[in-house]
Amino acid sequence: MDNVQLLISGLANGCVYGLIALGFVLIYKATEAVNFAQGDFMMLGAFVTIGLTNTEYMGLPFWMALPISVGIMAILGYLLDRLLIRRMFGQSQTAVVILTIALGFVIRFVAGLIWGHEPQTLQNPLAGREISFGGLVLGMEDVAVIVVTLLLTGGLFVFFSRTKLGLAMQGASQNQLAAYYMGIPVKRVQGFIWALAGAVAAIAGILFAAKGSVDPATGLLGIKAFAAAVIGGFGSLPGALAGGLIVGVIEPFASRYIAAGYSQIAPYALLLAVLVFRPHGLFSQVRVKKV
Amino acid sequence: MRIVFKTDYMQDIRPWKDGYQLSLYLILLAIVAAAPWVLDVFYLGELTNVLIWAIAGMGLMVLTGHTGQASLGHAAFLAFGCYSNVILLEAGVPFILAFPLAGLITGAIGALVAIPALRLHGIYLAIFTLAMSILVDDIIVLTEPWSGGVSGKYIAGVDIFGLTIDRWGTPTLFYWMVLTVTVIVALGYINLLRSPLGRSFIAVRDSQVSAQAMGVDIARTKTISFGLSCMVTGWAGAFMGMFAGAFNNETFSVVISIELLMMIVIGGLGSIHGAFFGAIVIGFLPQFLSISKEYVGAVFGGSTVAIPGLEFGIFGMILIAFILLEPMGIYGRWLKIRTFFELFPFYRKDMFKRQKSYLKTERLR
């Protein structure tokens, strides 16, 4: 029973990692760039929601604040693409990586200026409520996290594989020039995907802030989400979620059963192992080009 | 504009273009060597710090700037160099041997790391090295009997031929020691770049496929590049430890790795000058910020309370500005300014314009 409890809390944590990883993968799938600031995006989304709902700030009703903060983050993501990323069009991946790392620094700094460096929690209607069945006691937040994540991942998966816009995004990532020739508005598609990633980050941030406290350094969680995305294989949405769940589940079990000092290594050791033995993730998409 | 007519092959591959250029660099070296008589102890320490960062920057530049492999984990190798230096010293090895050995050990570890990393490229390599850099913190804690773990280690002065060199006791000697190593590394780097090995590094950076077609062994080239890069970084790490005097598992955090990479980007990727320019920015930014904060406080009557994260915020903004406006870094800007004056009034705006390029997927190789 203990193990099941550990598993569930690990799954809930893993879903948050998975959601951040989903943001990486969205951007990677559509633009082949990696957004190292995705974790900081998540942190910013959490703080925007806290700023809107918590009574010491604006004190809006929770359910009204949700769409507003998701919208704000989507607009922010779009603006980011419009003002910064679009000017890097066609440049090497490394340049974009460094740009987004720098962006993460700036976001952390700005969030610290506005909301301070104290850990804060989101005041939400689910807090403290529990449901129990079969001897298990589950926090409502954990259940909400799992359900929302599953819905979002499923929705995005269908979007990418079934809709015209989703296919256009995949095409634009594989060969920008060819996508232009096929009449895909590559730049607009990219702007859209950054907005989408911003919205996903906001949702991840809301879920995270509802479960625990956030402070500006929370964005560094993005590194763990990275491990998740890599384990799942960049470029696969269900893979990102699976990677997130693996990392999330390993953590509580490692800290329970492995000696202290070794336990926090576990996710990174797994990451290194995956990179060494399956360099493109468990759900790889790399194929050798046939000439 | 000076035009150098090259009349034989030896002149073409000579490290300097002509006597004028050589004399400029010799004058610069003389000025830097004479710094202890001009600067006070505080600024001499800052200058030493800049030189140490420049050594680390040159280490990373070999790998990232010239072989095209972005590493977000070089703080790990700084730590290896620092700890192996101290552990060798504590085992009774004289410094004159321990220091080169520390670099060699780090280089060997780097070459070992390169073997799995060879299969990775682009972002996967960046993430691999990032994870390594995070793990080093834990590894240092776990290997407590050797590394001192959380409580850390201390290093006092070292002896070379009876001379005691100490960062606090004899800052001038320490400065000259760092300067000597910097010059040796820079000369080695310049020579590397005109050797077949250095050329193959650049070939791998520009196109792996064409490098392979030209007969460059990619795996071997990358491994050597990793090894050389880590060796130099290890020396820089050993100096950093001696400069700080005390260090523990948190000294060489992942932030240092990122700072190092950003430093060479600001300085200018793919040039030795870039490592030095970047080191100057990194070394003097904190001082510059604290001075300007006092100034702003005095003018606007605001308080001079410390703003947490300010340094990194400013650093990030500078970096974003550079990547967007001047991707070639400070060195690239310097080249443009110099060309402007050399060609005056014939400089054209598009002289350094890059070709438009379209991204192609890495998923199909």
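If you go along the chain as it appears here, the first residue is 1 and each next one adds 1.
Each residue, glycine too, has its Cβ placed from N, Cα and C.
Keep in mind that TrEMBL annotations are predicted by a computer and have not been checked by a curator.
Annotated transmembrane segment per TrEMBL: B:20-38, B:44-63, B:70-89, B:95-115, B:122-142, B:173-192, B:224-248, B:260-285, B:297-324, in sequence order.
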Practice prompt. Determine which recorded stretch among B:44-63, B:70-89, B:122-142, B:173-192 has the most C-beta pairs below 8 angstroms with the transmembrane segment (B:260-285).
Written response: B:44-63
Discussion item. Between the transmembrane segment (B:20-38) and the transmembrane segment (B:70-89), are there three or more CB pairs that fall under 8 A, provided the residues in each pair are separated by 6 or more in sequence?
Written reply: no
Worksheet item: Between the transmembrane segment (B:224-248) and the transmembrane segment (B:95-115), are there three or more C-beta pairs closer than 8 Å, counting only pairs 6 or more apart along the chain?
Response: yes
Practice prompt. Answer yes if the transmembrane segment (B:173-192) and the transmembrane segment (B:95-115) have at least three CB pairs under 8 Å among residue pairs 6 or more apart in sequence, and no otherwise.
Written response: no
Discussion item. Which residues of the chain, 6 or more past the ends of the transmembrane segment (B:122-142), have a CB below 8 A from one of its CBs?
Written reply: 69-76, 79-80, 83, 113, 116, 149-150, 248-250, 252-254, 257, 362
Worksheet entry | Close approaches to the transmembrane segment (B:95-115) from elsewhere in its chain (Cβ under 8 angstroms; 6 or more beyond its ends) | 77, 80-82, 84-85, 88-89, 132, 158-161, 165, 222-235, 237-238
